[in-house]
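Here is what TrEMBL says about this protein:
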type     : residues           : note
ACT_SITE : B:Ser168           : active site, nucleophile
ACT_SITE : B:Asp335           : active site
ACT_SITE : B:His368           : active site
BINDING  : B:Arg238, B:Asp369 : substrate binding site
COMPBIAS : B:1-12             : compositional bias 'Low complexity'
DOMAIN   : B:64-277           : domain 'AB hydrolase-1'
REGION   : B:1-20             : region 'Disordered'
Protein chains: 2
Amino acid sequence: MSAATGAHTGTAPPDPHLEAPEARLETVTFGPDKPLRLDSGENLSPVTLAYNTYGELNADKSNAVLICHALTMDQHVANAHPQTGKPGWWLRMVGPGRTIDTDRFFVICPNVIGGCQGSSGPTETNPATGKPYGLDFPVITIADMVRAQAMLLDHLGIETLFCAIGGSMGGMQVLEWASAYPERVFSAIPMATAARHSAQNIAFHEVGRQAIMADPDWHGGTYLDHGTRPTKGLAVARMAAHITYLSETALFRKFDRNLQDRDTLTYDFGAPDFQIESYLRHQGMTFVDRFDANSYLYITRAMDYFDLAAVHGGVLANAFKGTKTRFCVVSFTSDWHYPTAYNKQIVHALIAAGANVSFVEIETDKGHDAFLLDEPVMDDTLAGFIASAARQRGLT
Amino acid sequence: MSAATGAHTGTAPPDPHLEAPEARLETVTFGPDKPLRLDSGENLSPVTLAYNTYGELNADKSNAVLICHALTMDQHVANAHPQTGKPGWWLRMVGPGRTIDTDRFFVICPNVIGGCQGSSGPTETNPATGKPYGLDFPVITIADMVRAQAMLLDHLGIETLFCAIGGSMGGMQVLEWASAYPERVFSAIPMATAARHSAQNIAFHEVGRQAIMADPDWHGGTYLDHGTRPTKGLAVARMAAHITYLSETALFRKFDRNLQDRDTLTYDFGAPDFQIESYLRHQGMTFVDRFDANSYLYITRAMDYFDLAAVHGGVLANAFKGTKTRFCVVSFTSDWHYPTAYNKQIVHALIAAGANVSFVEIETDKGHDAFLLDEPVMDDTLAGFIASAARQRGLT
């Protein structure tokens, strides 16, 4: 689920010549006076949020757009990644004159707590020990991520978001935002997401976690103290997950049974025979350069715990009772990770709650990752919804 | 893809009180005078095949049924497994008075070469070194497996099989049998299978192979020399593959988000929260007791190499030109591993080749593993086809 995905599956990657909006890379730390209350019952303190902003906040602070990132993404939504140098993961969507127009909106993208790009997470120093948290970091939830983001908005003096938008785990955060802080979300765009993680979703995540924990370099989560990193296990986790982000049709279209750099089968285990093998290995190898294994455990666990109906008496519509937020739910026909059926459950609940909701299922063979890729119908859909919401919000 | 699957997904497992037919556990070794010619160009010698038989061969040797097993199965199709003590993996199908009636048919089930239950494979001793083959065992193909089985039939004095039947990789062997030895196969039942492994199929196998190879106890394939076994890597491989054998609907029906032995989330990484996690871990742990990691590499590679059209000028129908074999192709609606579309490609090719072919798509939510489970329509379909073929064969 990286910008690199597009590059490797042959879909147009962000044009490296596409102008990146000016990014402000910020960090805020909330001290002992502002602990983060967690769903587990624990308090997290201090709490640091690393976040990027683009564009300018207007005088009445009504033009803020919050972008919530997916499992393996981060706050570098529209600027070159400081570690990899790659273009921002949604550069095609965010910038001057683009769908999320940085000439009009003040765009905020925070790294989730539990992440590994500067926000509080298992790689950060545990003040109680002076060593990296590792598994001493408390287990967090999607609601905890959102609660931390609400503290960030308070810090920025923003009462109400013009829009909260995100795909995949980003969509979960958008749903949680609209549910927990309905008066703070004028419009919401959850994309390619789910209101509850299914048994199959959990199963794939569990495979990834077991792959990481099986790596002896994981050392029970204390690998940073040992000067190692469980890169092999994390790469296997990434490979397994990555298959779920692409459709069977897209894999056929891009790779089929094409051989890697040769005309015949190798009859050997030394080198990959098929391009799809080589592609997956590359995905695994490059992922470990920019992501932390314990963060992968924490964030997948947060997603697995997500069940918005369960915390509202088992009825999803209750999560949105009386909402005035305008919703636009987007799904993709070939997404089998969070299929249209999961997104429709959200739409049905919103309708039952009397919400203002648009729903668009976009015809594509690109699978779950379609929300990151070149999908003109998606662009048109979002542009239309945002324009309409902006008019209603009095943003001209 | 084990009989245990049924037990764990809640579908009726083989009734432990179901009578197991008398099994003969046999082994044959072909010496230097009879090397096995491999697709790689190498010769394998000696070649050992471990195989079980049930029932009696009739006087004119016309009642032999060959059962081809799937990736992780073996020759113990209808008898208790010598290692695990569990009932045979297709006991519900094979036995006196059952669909494959051991009172009428002489049933043969060989362990594939590359396997780990007594047939030549990477765990066996390399006569050149006196040590286990490990990765010095030659890479084998589905056609190689079938060529070895043809040597077994010669050894048994059986010219023509009444029927070749198998699901998943077993179905690939059935297709290869019908293509390579059309005059030796009176009827053929490929089930839940494919004539070519897709990019997605290869991708999942590659994840499994990488998980095994990432385990330091794998030792480049020489683990038996080191007194270790890459059980953690093999368990992860099994877990990833196992998800593909079950449908999303079956996972929902059986596990949904049910918690494991508790009422609330653990907020911890020590124990599984969800039953699906516990189930997958159990699948991984029990698999390593009965399966070899290098065999997993060899057999998955053989499946990935399988592309019956490619070796027939790119036209699948050419693989069956002029065939007189009677075919019954069976697929399952919720099988996303080898979906109905893959099975229909086989049917279309058979029709184009002018073959006698029945095709049944069975409505079920049980996914790929349905062919191993309690599916009355499958039973009726096979019983009808086998009865008709037996009449045509003059077996009364």
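Here the Cβ of each residue, glycine as well, is placed from N, Cα and C on the backbone.
The two recorded residues B:Asp369 (substrate binding site) and the residue listed as 'active site, nucleophile' have their Cα atoms spaced 9 Å from each other.
The Cβ neighbour count for B:Asp369 (substrate binding site), using a 10 Å radius and every protein chain shown, is 28. Mean per-residue pLDDT, taken over the domain 'AB hydrolase-1' (B:64-277), amounts to 97.
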